[in-house]
Amino acid sequence: MNKQASQPRAIYYVVALQIWEYFSFYGMRALLILYLTNQLKYDDNHAYELFSAYCSLVYVTPILGGYLADKVLGNRMAVMLGAFLMAIGHLVLGASEIAPTFLYLSLAIIVCGYGLFKSNISCLLGELYQPEDPRRDGGFSLLYAAGNIGSIVAPIACGYVQEEYSWAMGFALAAIGMLAGLVIFLCGNRHFTHTTGVNKAVLCARNYLLPNWGWLLILLVAAPLLITVLFWKEWSVYALIVATAIGLVVLAKIYRQAQTAKQRKELGLIVTLTLFSMLFWAFAQQGGSSISLYIDRFVNRDILGYSVPTAMFQSVNAFAVMLCGVVLAWLVKESVSGNRTVRIWGKFALGLGLMSAGFCILTLSARWSAAYGHSSMPLMVLGLAVMGFAELFIDPVAMSQITRIDIPGVTGVLTGIYMLLSGAIANYLAGVIADQTSQSAFDASGAVNYAINAYVDVFEQITWGALACVGVVLLIWLYQSFKFKSRALAVES
């Protein structure tokens with residue numbers, strides 16, 4: 001077998017850890033909005049607010065996590081520490097059923113763990129390849145698709161355990177999954193000796209009376225407590241504003257650090273891709289909030305007398321990602337000709353177009369509910385599957401481009417900024433969108449019909465919004481195609 005055509009052996013341990021991280025994160029996420037509304041009896045407004053705050057802050061911390069990995073911990077140690085914290089957070093969340101005061105603390109611990117894990121798992125994968133290695137795009141697609149095995153199994157397993165036993169057991173299962181992934185990853189340590197490790201010189205250096213490892217321990221204790229206060233006082237939006245401002249300052253600093261026109265061009269491409277990713281995920285993240293409650297209330301979930309738990313529907317788009325991702329990874333590996341920038345914009349246009357198509361199907365489903373009281377399950381499954389397929393043309397493409405940039409020591413921070421915009425801000429926008437479906441704004445006389453009409457309106461607006469994004473991206477694609485062909489003709493002449 002051609003060694004250049006096969007993936008590095010270390011990728012399989014990264015993929016295994018990603019699978020279990022997806023299991024842990026998405027198992028908990030599938031339960032959270034339902035836990036808030038059905039168990040803790042939050043109204044829709046309050047539940048959407050806390051859910052979007054959690055999903056926003058979970059993407060703010062990767063900036064700090066990326067910085068710590070770049071300067072002190074290295075990607076491998078940051079990933080392991082993040083996985084451990086997430087497991088602890090899920091266990092504490094299970095206790096919040098008995099003591100609701102643990103709710104904010106548990107979410108804060110998960111947020112901190114996710115910050116260390118999420119941006120650095122992609123950077124760790126990037127360390128396995130040379131910058132121009134043609135296997136790189138295929139590796140990222142494989143990571144993204146295989147990781148979704150966890151996303152498929154988690155809502156089914158955690159949803160079933162919650163339904164049959166308790167909410168606490170459902171969250172505990174998510175924690176067990178994360179610990180299992182960490183153990184598997186540790187078994188493959190020998191394959192990562194060439195990756196960047198802990199910077200012991202920086203870690204042991206003294207700053208303001210304490211060595212840096214002492215400040216790191218203080219940070220690991222103080223950060224969850226601070227984030228707990230943000231949840232409790234509902235101040236997360238202010239943290240988001242501050243984080244965004246810091247991210248923009250850091251981005252400007254990186255731009256000044258770029259020494260060549262090629263580096264600045266690559267950085268500009270990353271920024272533009274990030275903005276479109278932000279809009280894409282503002283639409284896609286309805287899956288964990290408004291779409292989940294829509295399914296719970298207005299979709300017929302009965303199969304031969306068995307009512308399918310709402311959480312299990314979170315598996316549908318993940319299954320679509322896994323099913324189509326392997327094929328896409330093969331196509332990317334084989335199709336390496338042509339201009340890379342043109343291919344990138346073509347993929348983004350396809351991803352946004354599929355998202356628009358998915359919400360068009362959900363709009364039809366909501367209209368069916370408005371007319372007949374409940375919508376059919378197959379129509380809902382089809383819409384979620386199309387939306388899942390769309391994801392393959394957004395994140396893997398953008399992350400591959402970020403790890404490709406030829407500016408030393410910035411990939412972790414750039415990944416964190418990408419997570420901030422396409423994750424934190426996108427989730428905040430998703431919360432604003434989802435709040436338009438909240439029942440608390442409806443009067444009692446026509447609550448049910450009015451609620452369904454709100455879902456129809458929101459899903460339809462997202463359909464047109466995503467389609468408008470497709471139009472803009474296609475214009476960029478046409479411009480890049482024309483420029484590439486003009487250069488090719490100039491070279492031939």
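Placed from the backbone N, Cα and C atoms, the Cβ positions cover glycine too.
What Swiss-Prot records for 14-34 (among others) is transmembrane segment, and it gives sequence analysis as the kind of evidence.
For the transmembrane segment (49-69), same-chain residues at least 6 beyond its ends with a Cβ under 8 Å from one of its own Cβ atoms are 32-33, 36, 42, 75, 77-78, 82, 107, 110-112, 114-120, 123, 216, 223, 227, 230-231, 234, 236-237, 239-240, 243, 246-247, 250, 285, 288-289, 411-417, 419-420, 422-428, 430-432, 434-435. Marked as transmembrane segment by Swiss-Prot on the basis of sequence analysis: 49-69 (among others).
Under the heading transmembrane segment, Swiss-Prot lists 91-111 (among others). Residues 28, 39-40, 54, 57-58, 60-61, 85, 166-172, 175, 223-228, 230-232 of the same chain, all 6+ positions outside the transmembrane segment (91-111), place their C-beta atoms under 8 angstroms from a C-beta of that stretch.
Residues or ranges marked as transmembrane segment in Swiss-Prot (evidence: sequence analysis): 138-158 (among others).
Marked as transmembrane segment by Swiss-Prot: 167-187 (among others). Sequence-distant contacts of the transmembrane segment (167-187) (same chain, six or more residues past either end, CB-CB distance under 8 Å): 13-14, 16-21, 23-25, 27-28, 31, 35, 39, 79-80, 83-84, 86-91, 93-95, 97-98, 150, 154, 157-159, 161.
Sequence-distant contacts of the transmembrane segment (235-255), counting only residues of its own chain at least 6 positions beyond either end whose CB sits under 8 Å from a CB of the stretch, comprise 53, 56-57, 60, 63, 227, 229, 264, 267, 271, 407, 410, 413-414, 416-417, 420-421, 424-425, 428. Marked as transmembrane segment by Swiss-Prot on the basis of sequence analysis: 235-255 (among others).
What Swiss-Prot lists as transmembrane segment is 267-287 (among others). Sequence-distant contacts of the transmembrane segment (267-287) (same chain, six or more residues past either end, CB-CB distance under 8 Å): 55, 251, 254-255, 258, 314, 317, 341, 344, 348, 351-352, 355, 359, 384, 387, 390-391, 394-395, 397-398, 401-402, 405, 407, 414, 417-418, 421-423, 425-427, 429-430, 433-434, 458, 462, 465-466, 469, 473, 476.
The transmembrane segment feature in Swiss-Prot is assigned to 312-332 (among others).
According to Swiss-Prot, the transmembrane segment annotation covers 344-364 (among others).
Residues or ranges marked as transmembrane segment in Swiss-Prot (evidence: sequence analysis): 379-399 (among others).
Residues annotated as transmembrane segment in Swiss-Prot, with sequence analysis given as evidence: 413-433 (among others).
Marked as transmembrane segment by Swiss-Prot on the basis of sequence analysis: 458-478 (among others).
Residues 47-48, 51, 54, 79, 83, 86-87, 90, 93, 110, 114, 117, 121, 124-125, 128, 142-143, 146-151, 153-155, 157-159, 162, 167, 170-171, 173-175, 177-178, 180-182, 184-185, 188, 288-289, 292-293, 296, 310-312, 314, 318 of the same chain lie 6 or more positions beyond the ends of the transmembrane segment (14-34) yet place their CB under 8 Å from a CB of it.
Across 138-158, 344-364, 379-399, 413-433, stretch 344-364 shows the highest tally of CB pairs under 8 A with the transmembrane segment (458-478).
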